[in-house]
Amino acid sequence: MPSLKDWVVAGLVPMTIASSTSRLPSNCTNGPSSRRCWQDGFDIWSDYTDPKVAPPGKLVEYDLTVTQVTISPDGYERLGTVFNGQYPGPLIEADWGDTLRITVHNNLTNGNGTAVHWHGIRLFETNWIDGVPGVTQCPIPPGESQVYEFRATQYGTSWYHSHFSLQYSNGLYGPLVIHGPSSSDWDVDLGPWTLTDWYHEDAFTLNWISLAGQLAPIPVSTLLNGKGTYDCDPGLDPACTGKQEYFETTFQQGTKYKMAIVNTATLLTYTFWIDGHNFTVIEADFVPVEPYSTNVLNVGMGQRYEIVVEANADRTQGSSFWIHAHYCDIPDVIPNNKVGIIRYDESDTSEPATPPLSEQHRDFGCSDPSLGDLVPVVKKTVGPRVNQIGPHDYLTIGEQGKIPTPWEKDPRVHLWTIKNTAMYVDWQTPSLEKLTADHDEEFPPETVPVTLDFDTGEWVYFLLTSNYSLEDVVTPRNLTPSVHPIHLHGHDFAILAQGKGPFTPDIAPQLDNPPRRDVVDVDIGGYAWIAFEVDNPGAWLLHCHLQYHASEGMALQYIEQPSKIKPLIENAGVLNDFGNRCASWKRYYNAVDIPNDRPQDDSGI
């Protein structure tokens, strides 16, 4: 097998090795009692936020093929869209500092394009592989492929998913792990636990219920790692297989287990807990945090938490324990909140005892952990802002009802906005095409561009709110109650303040090592004040990860350091590939028989 030196000489790994700022001996080895160590003098205190600070790495390659197959994760058959014929998609894993080269093949026969987003991966100075049709690329046409290549300068647990409209809600996602140090010790790694809500109908069909102004469709079951249960009778419904199973894992007394809870849902923010066990939170969204203990956790769509669970349960009532997850706002919206089983006795196949649902779990609410709980291990101080942040600059979340739209001439469609306009991107002319053109091109208002033409290292602040006076907004909207998991591409952000109720000017920002992450839950009728450093040129999406809301336009795009974008793409030698892919998509799209008045039936993202 080639050595690391061979990889570097061959030019396959873009190597930049900087001082690790390690606090531990250089010979410290990662193990059950030394998880803060990593390798080559790198450890939990090494400043991963600097993309130049990463260990030496190797090349790791994967192939992902997109197809439609019949799946029945909860015992009910339906057509799913999946990677490599499996649901969820295969685990993609690498080590901190590695370069991943992932080739995506679109073998769909239903006419859909596709593109893959590497959720939470910073993609420093490689915006063109962020995988957002209409923003960073044209879709991959059926029968064609695309190579995504990036270096893992962060570590932790995340996921990858289609960013082509609602495609991932039909099953097109999988877990992603970048191995690195941990802020607390553990013995056994149980890997990612993907938690999702599940439907028996196609997501593109269901979306029209929401577009018509009705409440978003309610899922029928909850899945943990692609397994769940749905109450049906095979004798009455041929789609019912009668084969239902919970996700199960085995614990050994006294062992400490690490796992990562990853919310890959379409609609629901989940409250998660394990009967009879506390757990220690050690990471949130690729940001290692000082360990803290709890027994219940809210996980918004797109959020990830690495936790450590010690196998020390009181087994007087039995040796098996339920894993639970329910919707944070209405616990009974899916009647069964049991999503998995932990067994101390592998031979025991009985159902665990079911303790009464505590008020703590039922009324836990929809808030993220408190700012005082999520303390980053690698400390950062937020600098002064360079942008305006008055009330007229707030990012006001709301639903716009019964208005004409670029993609639907019948003015009965309900949309969501994160600014003044619901987003609508054109798959044939993505933002990066405009930014790399030989002449200046205007961004249509429905692409919702927000230009960040500031120097590297300067900070921008933004206030997200779903609780404000309607007199303060340009376009009418309804303050429909909902949790909004807001995700930023290309960065994580600092959370300066967060809460319920309206934001008031007397609220002071937390600037000294505030929590950092890439998805923040704006609670029902609440706000979140975020900030990030301008240092990664590109067109980066900010959007609600509630899929129906994103589909209905709840997004904007930051055009960051626009003058640096084209030189980066040219220097990387990918400008021709980018143009060829768009030309290929246009040829395919123009050859498809699509009615003139229905070219694209949602925001595109």
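Using the three backbone atoms N, Cα and C, a Cβ is placed for every residue, glycine included.
Residues His163, His543 are recorded by Swiss-Prot as Cu cation 3 binders, and the candidate that the same record lists for that site, out of His105, His489, His491, is His489. For the Cu cation 2 site, Swiss-Prot records His119, His161, and the single candidate of His545, His549 listed with them is His545. Checking Asn27, Asn478 against Swiss-Prot, you find N-linked glycosylation site recorded for Asn27. Rounded to a whole value, the Cα-Cα separation of His484 (Cu cation 4 binding site) and His119 (Cu cation 2 binding site) is 17 Å. Of the listed binding-site residues, namely His484, His549, the sparsest Cβ surroundings within 10 Å are found at His484. Within 10 Å of Cys544 (Cu cation 4 binding site), judged by CA to CA distance, lie the following recorded positions from the set Asn27, His117, His161, Asn467, His487: His487. When other Cβ atoms within 10 Å of the Cβ of Asn27 (N-linked glycosylation site) are tallied across all protein chains shown, the result is 7.
The Cβ centroid of His484, Cys544, His549 marks the Cu cation 4 site; residues of that chain outside this set whose Cβ lies within 8 Å of it are Ile397, Trp416, Ile418, Ser482, Pro485, Ile486, Val522, His543, His545, Leu546, Ala550, Met554, given in sequence order.
For Asn467 (N-linked glycosylation site), the spatially nearest entry among the recorded positions Asn27, His119, His161, Asn278, His549 is His549, judged by CA separation. For His549 (Cu cation 4 binding site), the nearest neighbour among the listed recorded positions (Asn27, Asn112, Asn278, His487), judged by C-alpha distance, is His487.
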